[in-house]
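Encoded as structure tokens, the structure appears first; notes follow it.
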Amino acid sequence: MELDVALLSRLQFAFTVSFHIIFPSITIGLATLIAIWEGLWLKTGNPQYLQLAKFWIKPFAITFGMGVVSGIVLSYEFGTNFSKFSELAGAVLGPLMAYEVLTAFFLEAGFLGVMLFGWQRVSAKMHFFATVTVAIGTWISAFWIIAANSWMQTPQGHQWVNGKLEVASWLEVIFNPSMPYRLVHMLLAAMITATFVVMATHAWYLKRGEHQDFGRKGLSMMLWFALVLTPLQAWVGDLHGLNVKEHQPVKLAAMEGIWQEKETNVPLLLFALPDMKNETNHAELALPGVASLILTHNWHGELQGLKSVPAADRPYVPMVFFSFRVMVGIGVLMIGVALVGNYLRYRGTLYQANWFLTPVSWLAPAGVIAVLAGWYVVEIGRQPWLVYGLIRTSDVVSPLPAERVLFSLTLFVLAYSLLFAVYLYFMRKLIKKGPAPVEQLQQQRIGVKASGYALSFTKQLADESEGTH
Amino acid sequence: MELSLGLPLFYFLLLGFAVLMYVLLDGFDLGIGILYPWFNTDAEHDHLMRSVSHVWDGNETWLVFGGVILFGAFPAAYAAIASQFYLPIVLMLLGLIFRGVAFEYRFKSDSSRRWWNTAFAAGSSLAAFCQGLMLGTLVQGSSDSLLNQSSLNWLSPFSLFCGFAVMAGYALLACCYLVMKSRGELQQKAARYGQRLLLAVMLAMLLVSLWTVFIEAEIRLRWFGGWHGLWFVPLPLLSLLAARLLFRDLGRVQRQFQAEQEVQSRHEDRPFWLAASLFLFAFAGLVVSVFPYLLPRQLDYLQAAAPDSSLQFMLPGIFIFVPLICAYTLWGYRIFAGKVEDFQEGY
Ligand code: HDD
Ligand code: HEM
Ligand code: HEM
């Protein structure tokens, strides 16, 4: 079999970027939560907040580390695997990523050291400042990379000069039509992902009867967050969908499984098996007219279907179709969990309701799965275009020897699988170990206020524990 | 050689600055990994890791910065270099991945600690070696079109030699960093290794210089072809001076210790700056040799430059943020200034 470089490069990019996004979608939210807890602790003096911050900072640290190392790969992969694309579009995407590094990556990295290791070296306020800065850094980073990605979805503000893309208006490039929706949707997604990771962990503690106070505090807080964030996300997602309808109608047709060139009264497909060869669906389970209603706000609204463009210009429909259902399905499930959980707390039975806590403790990966599914909708739905309507993916792959890409892909798969297993192992270990008792933190708290003293205090603690060996 | 002042030249220099910052900063922390196998006890390994665990991320960000400046300001060069160096880049990235995660996992592991030690040492060495390999290829230039992506021209005796030379250089930086950050036996060990590595590095620099000057007619012409070559004479001389002072300081650190005196802090701190300036001079010499090319004799910085609209757009960001970044990076180093303590801080 002839190896296809284009396919291998795409597989490699898809694999490495999917691996990467797992970690940012947790760290963006978790950094924000930790900053909130630390702020609350400073404000109220309630040590439970310090306990939350100090416990979650460890899973945060390993997740962040994974995010950094997997991200560096991506910033070089544009050039290694899509060299022609880098040459054609570098003048547009490069500066956006340069701003990401200048305004976000350095900021995150610069203050991360203090956030993780500086507890005994700076005052509590300074430490809080470092944590907030790291959190803001992750948001800024999302801003730029989403701007870059959204431009590839809905390009504007560019012009072709001598066969390469140049920018006519940076404002138009950055604030392209899909960017605001994608940014808000992604940041909410990250908050929700972290919320459910934390919620699931605390539910697990409660279910096992461990760390009761800690478990309750976290679970209760996260239920409030979920109650606000998940419906908001569904609403933003709906707006996002309307935006897709306007700018990428073919993608929308794939998401909804619409084949006819023009269709009115479009049903909402809960399930179906899209068949690309015969250009139709099998085994449909449909709510008549509902898709029209959602997308045009009219039962009889007209939508464009896949047949409106030649087969060569259509994405791989089943993947887009199912990914979309996975994401929305998880979104609806999360809304349900938020509603039921808040109701149970109102009734006062939440912390004993094992029938509820047990399934919630399984939801830790739900956010990550929804994020990946969402990105598959966006990215696979854009195919065969790399920059929608401008550059075809197959035209701009590096003309590398196929074996070389196969080799690197194999290495990445092996290395990342290994690392992912290790990551899960250590996350499990940290969570099993549980939080440090409040009393111990109280002791350290004395230190945090007077930084010079704190260092010698820690040293003394270390010496004492040395002595007892 | 025509100097046309303008945005592309500014970005060429900025790229040089980014690479230099990367080499100095990640140099010492990759070097710690390269030295790792020469330290044996758990306590020593703890110490080595701790000395850089709060800065490695920031140091590596300079690599990302260099990459995106190349991408944004010289897209054609980014495309050509990255795809041409496909395998060395992929291997370098894998090396960086394994050493990067070792920081987090090693301190949290019990039974798997051995593996993280290996991952840290091997990952750091691999990354440094690949960087040297690419550097060697860039200096050496090639008759083979660099745009031919199936070529393996990065694999030559010269580039392999440069791979080891860069490893030795990074290890030297790391020794000097350790002399600054530690005390007692460990510091002594670092000073001893440092002296030996310094000799190796100087020898490598000499060989590389001779090699390029004799093999590459164009480089020879630049250094020896006319009076303007005189401008460059200070570079080798300054390098020699820096090496001489560095060797002496490292020796003093050892003598003071043997004489059971307090090691003087200026002798502890100065080696690092001397080693850094040695790198600076070598780097300047390199720039003199390859200017104005991004890919020697194939693609110069004017040909590869992005349109002005892109170069101008990045300017305000660079002028505002690069100084800011330097300021808070310095602040971060100040907070963790002084010797590494032998107990777990933070979290
Ligand atoms: C919505 C968020 C988001 C998305 C879509 C991406 N990233 Fe990312 N990335 C982050 C959010 C993020 C982050 C939150 O800022 C990270 C995660 C952990 C971290 O250290 O920063 C990060 C780290 C990170 C790093 C390491 C930064 C460092 O050295 O500190 C690089 C080089 C990239 N990313 C590059 C990319 C590229 C080239 C992407 C697209 C193909 C990409 N990221 C998608
Ligand atoms: C982080 C979340 C992301 C995920 C999970 C993701 C996922 C994917 C997937 C699955 C593909 C392969 C599509 C196919 O070939 O069928 C792809 C392609 C691609 N994506 Fe993304 N993507 C993400 C973000 C981004 C961002 C932020 C950018 C750019 C700034 C980007 C640029 C690209 C490029 C250049 C390709 C080209 C290869 C191709 O089309 O196959 N992606 N991505
Ligand atoms: C519940 C209702 C939801 C709806 C109606 C919805 C709708 C959408 C739509 C229309 C897109 C964009 C497709 C495109 O631009 O091609 C999208 C993308 C995405 N979705 Fe959702 N979504 C929902 C829930 C969620 C949830 C719960 C998460 C994660 C926790 C999530 C994460 C994402 C991500 C990461 C993307 C890709 C990036 C982006 O375009 O913002 N979504 N979603």
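Each Cβ is built from the backbone N, Cα and C atoms, and glycine gets one as well.
As annotated by TrEMBL, transmembrane segment applies to A:12-36 (among others).
The transmembrane segment feature in TrEMBL is assigned to A:56-76 (among others).
The feature transmembrane segment is assigned by TrEMBL to A:96-119 (among others). Sequence-distant neighbours of the transmembrane segment (A:96-119) (same chain, 6+ residues past either end, Cβ-Cβ under 8 Å): 57, 61, 64, 68, 75, 126-127, 130-131, 133-134, 136-138, 140-141, 143-145, 147-148, 151, 173-174, 444, 448, 454.
Under 8 Å from some Cβ of the transmembrane segment (A:126-147) lie the Cβ atoms of residues 24, 27-28, 31-32, 34-35, 38-39, 42, 53, 96-97, 99-100, 103-105, 107-108, 110-112, 114-115, 118-119, 173-176, 179, 182-183, 186-187, 190, 448, all in the same chain and six or more residues away from its ends. Marked as transmembrane segment by TrEMBL: A:126-147 (among others).
The list of residues near the transmembrane segment (A:183-206) in space but at least 6 beyond its ends in sequence, with Cβ under 8 angstroms from a Cβ of it, reads 24-30, 32-33, 56, 59, 139, 142-143, 146-147, 150, 212, 214-219, 222-223, 225-226, 229-230, 232-233, 236-237, 240, 334, 351, 357-358, 360-364, 366-368, 370-371, 374, 431, 434. TrEMBL lists A:183-206 (among others) with the feature transmembrane segment.
Annotation comment: TrEMBL describes A:218-236 (among others) as transmembrane segment.
Per TrEMBL, transmembrane segment is recorded for A:322-344 (among others). With a threshold of 8 Å between CB atoms, the same-chain residues lying at least 6 positions outside the transmembrane segment (A:322-344) that come near it are 192, 196, 219, 223-224, 226-227, 230-231, 233-234, 237, 255, 270-271, 350, 353, 356, 360, 363, 366-367, 369-370, 373-374, 376-377, 380.
Residues annotated as transmembrane segment in TrEMBL: A:356-378 (among others).
Under the heading transmembrane segment, TrEMBL lists A:405-426 (among others).
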Among A:56-76, A:356-378, A:405-426, the most Cβ pairs under 8 Å with the transmembrane segment (A:12-36) come from A:56-76
Per the Cβ under 8 Å criterion, with at least 6 residues separating them from its ends, the transmembrane segment (A:405-426) contacts 3, 5, 8-9, 11-12, 15-16, 19, 62-63, 66, 70, 73, 81
